[in-house]
Every structure is written in structure tokens, then in C-alpha cells.
Amino acid sequence: MTISPNWRSENKHLQILEAAEKGKYGVIAAIAYNIEQIIGLVDAAKKARSPLILQFFPWAITFGDGILIKTAAEAVRNCDVPISIHLDHAQNEELIKKAMQLPFDSIMVDMSHYEKEENLAKTARLVKLCHERGIATEAEPGRIEGGEDGVMDTEGLEGSKTTPEEAEEFVATGVDALAPAFGNVHGEYGKIGPQLDFARLSQLRKVLNGRVRLALHGTNGFMPELMKQCIAAGMNKINVNRLVLDDYYEHLYATVEKVPHTTLMEQGVQQVVDLTVSWMNICGSAGQA
Ligand SMILES: [Zn+2]
């Protein structure tokens, strides 16, 4: 397989993130678990005239032999707004090789469960493998606490904030986007709420100086103001999970015994559309496509 030397400018995911950096807005990168959510997220992007990143956990590669990911590719094929497909937290080489057989525009090479030297070496090798196939990459320098839906928890390994040195070391692996650890947490924040270190984030942004795009992980329970603050601080890719799906599940649990299944699905799609459009407005991506 020969890949064009300027594959970067042709990669949809990188095009979306470049435009976000230039336009100073954040692009929602939403996890989808089923077909209603895929349809709802894509419809939200069309309705808001917004770019979008459709994300999957590695679970979706084995579930139904990747049918959700293939369906997502089908759903975005004739879309007139830019939508890329990304694999979140791919934590081993075997999985990344499987993912390359699927229509991903970007893969998160997450080796953060290894100690740093091994993490860096593995990241560099796997980033190269992805790039040779025209696939963009993301990595996590430092260690974001917590785990979610099949993504390995950093058991026994303490979360640690990304240092400027680590950021440099990861840029050297050739990775396209970084997900810094600056007090953000995977899963739930608990009573005290998010305690983000914006001083650290601004220090990292200064050091990185536009060489890579920044991805925000761990946004469950974020308020609009905090989200806007993160985007103003340079976050381009905004990973969301419950933030755009909460209304869908609330509707599902409240309605499952009351309406026909087809109606349940249609109403569920609408719940995803409405909540996602509201976050596209908050992140400033609405109207940018
Ligand atoms: Zn994450």
C-alpha cells in the first residue's frame, strides 16, 4: 500500500482539528454505543452545521465484528459536514492492528499503563504504523486517573500530571494530538467536582507551540463555563460521553415500557440530537461547517 506523502492534509480528522485550532473552537468527539446514538450524533452535526468526531471504545471492534464502526462510516459517507471516525484508548498492539482493518481516520495509541520509557517506545512504533496507513494518532502523556467502559483503569499506577518534558518527549514520537493530564479524570468526578490545573495547561500549550492538537479527556459533569474555559486554553478535541448521552438514557429508562420499540428508538435519536446540538453551540463549533 502506498500512501501519499501529504496524507496529513488529506486526513479528515486532522483537517477537522486544524480548522478548530485556527477558528479557536472545540470539536465534540462523542462516544457512540449503538445505532440510535450514531444517527443522533450525525444528525446533530448536520443540524448545527458543525464538524464532529465519532468515537468508539475498543469494545466496538469485537462487538458484532465491528458493525457499529462500519455503520458509522456509512452514516458519514454522504454527509455535507466534516465528520471523522476515531478509536479511543487503544491499549495494545494487537487491537491497533485490528483497528487498521476498519474505517478509522484516527487512533488513540494509549500506552499510558506502561512505565514511561516503554510507553514512549511503544507509542513511537505504533504511531509510525498508523501513519504508514494514513491514520492520524493521539496519545496520553502523563496519566489521566480512572477508567471507563472497558478502558483499563490505571490500577496501582498513580495518575500524574503531564510535565513539559513529557509533552516534548511525546511530540518526538510523531503523534498528532496529545491528551494532557492536568487534573482531569476518566469517569465521574465525585462530590468535589473537577479541579483542573489551568496553569499547567497553559505551560504545556506554550511549550507545544501549536505542533500538536490538544484533546480534552474526562468531561463527565462539566458545566458550560468550565468547557469554554478549556477551549479558550487551547483544547481542540473535546471527548464527551455522558455529556451528550444523559438525556438519551433518561428517556430510555422512563419510556421503555410505554411506547413501541420503533418510537422509543426515534425519540431516543431526538434526545441525542438536542443535547449534542446544545454542546456544539457551547463549544463554538456550530455554524463552522
Ligand atoms: Zn480518555
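Quick reminder: no glycine exception, Cβ is built from N, Cα and C everywhere.
Unlike curated records, TrEMBL annotations are generated automatically.
Since we're looking at a predicted model, the values are computed, not measured.
Under the heading active site, proton donor, TrEMBL lists D88. Look at TrEMBL and you will find H89, H186, H217 tagged as Zn(2+) 1 binding site. According to TrEMBL, the feature Zn(2+) 2 binding site maps to D110, E140.
The secondary structure of H186 (Zn(2+) 1 binding site), as reduced to three states from DSSP, is coil rather than helix or strand. Taken in sequence order, the binding-site residues D110, E140, H217 that lie near ligand 1, meaning a CB under 6 Å from one of its atoms, are H217. D88 (active site, proton donor) has its Cα within 10 Å of the Cα of these binding-site residues: D110, taken from D110, E140, H186. If you take the C-beta of E140 (Zn(2+) 2 binding site) and look for same-chain residues 6 or more apart in sequence within under 8 angstroms, you find M108, D110, S112, L178, A179, P180, A181, H217. Cβ neighbour density within 10 Å is lowest for H186 among the binding-site residues H89, H186, H217. Take the CB of D110 (Zn(2+) 2 binding site) and look out to 10 A: across all protein chains shown you find 27 other CB atoms. H89 (Zn(2+) 1 binding site) carries a strand DSSP state (E or B).
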